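Per TrEMBL, the features are as follows:
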ACT_SITE  His106  active site, proton acceptor
BINDING   4-8, 14-16, 86-89, 178-179, 202-204  NAD(+) binding site
BINDING   Cys114, Cys117, Cys138, Cys141  Zn(2+) binding site
DOMAIN    1-238  domain 'Deacetylase sirtuin-type'
Amino acid sequence: MVGAGISTPSGIPDFRSPRSGLYSSLQQYDLPYPEAIFELTFFSHNPKPFFTLAKELYLRSYRPNVIHYFLRLLHDKGLLLRLYTQNIDGLERVSGIPASKLVEAHGSFASATCTVCRRPSPGKDIWADVAVDRIPRCPVCTGVVKPDIVFFGEALPQRFLMHVVDFPMADLLLILGTSLEVEPFASLSEAVQSSVPRLLINRDLVGPFAWHPRSRDVVQLGDVVHGVERLVELLGWTEELQDLIQQETEKV
Ligand code: APR
């Protein structure tokens, strides 16, 4: 289970870190409160702040970092049952983790939907308008086209339901770079069997690790890159991971 904390090393701000988090830097958008930028009611009233943010954040190309490639290495070693991510930056896909192993619980920019006639379209179709500060509109009904990222109050993608099978099957749960503040994603942390070890690598103690710890919980607080690199070292995979990163970076 991962959150925005695994993409901060790639240069993408997370949401709730004091000062550096996105929710502390939205003053320019004149929002009633920060989360409004991801709320349907506000979006239907004024989609401009969202698209301005999308342009700022996602028209630049970011690269996966060592954490994404560690998760890719878990997959390459046949150890990754599934990666549940809250992130909408798509860096898990860019790192080479196949879509079959991914649950993008809060959606992604890969596809978009007209908010009026529900016409689906490829996510890439909105960027020409977004790049020049134009609101993307449906060619059929002229309704505003919204990327398929999950706004507060929206249903999560069907694939999220895979957790019903995945979590009871898991024999280890890694939780990296998330505040575990948003439901229903956060509750997944309690969905593994009580005998299953849960490893949290995060700057701060969050969710059930704080208020409802289990006997087999392991917590590595501090910088998430340092924590993952320490785990990789203990696993004896440091060289393998470096080779993977080099091979993937050369591809670009
Ligand atoms: N090292 C360690 N921890 C980090 C680092 C880092 N470099 N960067 C961030 N973190 C931690 C923060 O301390 C915080 O605990 O990662 C966590 C990020 O939490 P949030 O900013 O709340 O992000 P996330 O948990 O992904 O938010 C969940 O909220 O706004 C909605 O839909 C949005 O998917 C998002 C959801």
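Keep in mind that glycine also has a Cβ here, set from the backbone N, Cα and C atoms.
Automatic prediction, not curation, is the source of TrEMBL annotations.
Distribution of TrEMBL features across the structure.
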residue: Ala4; record: NAD(+) binding site; Cβ within 10 Å: 22
residue: Ser7; record: NAD(+) binding site; Cβ within 10 Å: 26
residue: Phe15; record: NAD(+) binding site; Cβ within 10 Å: 19
residue: Asn87; record: NAD(+) binding site; Cβ within 10 Å: 22
residue: His106; record: active site, proton acceptor; Cβ within 10 Å: 21
residue: Cys114; record: Zn(2+) binding site; Cβ within 10 Å: 20
residue: Cys117; record: Zn(2+) binding site; Cβ within 10 Å: 11
residue: Cys138; record: Zn(2+) binding site; Cβ within 10 Å: 18
residue: Thr178; record: NAD(+) binding site; Cβ within 10 Å: 27
residue: Arg203; record: NAD(+) binding site; Cβ within 10 Å: 16
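Here Cys141 (Zn(2+) binding site) is positioned 36 angstrom away from Ser7 (NAD(+) binding site), judged by their C-alpha atoms. Only Phe15, His106, in sequence order, out of the recorded positions Ser7, Phe15, His106, Cys117, Cys138, Cys141 have a CB under 6 Å from ligand 1. The secondary structure of Cys117 (Zn(2+) binding site), as reduced to three states from DSSP, is coil rather than helix or strand. The Cβ of Cys141 (Zn(2+) binding site) has Cys114, Val116, Cys117, Arg119 as same-chain neighbours under 8 Å, each 6 or more residues away in sequence. Those residues of the chain, other than Cys114, Cys117, Cys138, Cys141, with a C-beta within 8 angstroms of the mean position of the Zn(2+) site C-beta atoms are Thr115, Val116, Arg118, Arg119, Pro139, Val140, Thr142, Gly143, Val145.
Candidates Ala4, Phe15, Asn87, Cys138, Thr178, Arg203 (binding-site residues) were compared with His106 (active site, proton acceptor); those inside 10 Å Cα-Cα are Asn87. When pLDDT is averaged over the domain 'Deacetylase sirtuin-type' (1-238), the result is 95. Distance from the CA of Cys138 (Zn(2+) binding site) to the CA of Phe15 (NAD(+) binding site) is 30 Å. For Arg203 (NAD(+) binding site) paired with Cys138 (Zn(2+) binding site), the C-alpha to C-alpha distance reads 42 Å.
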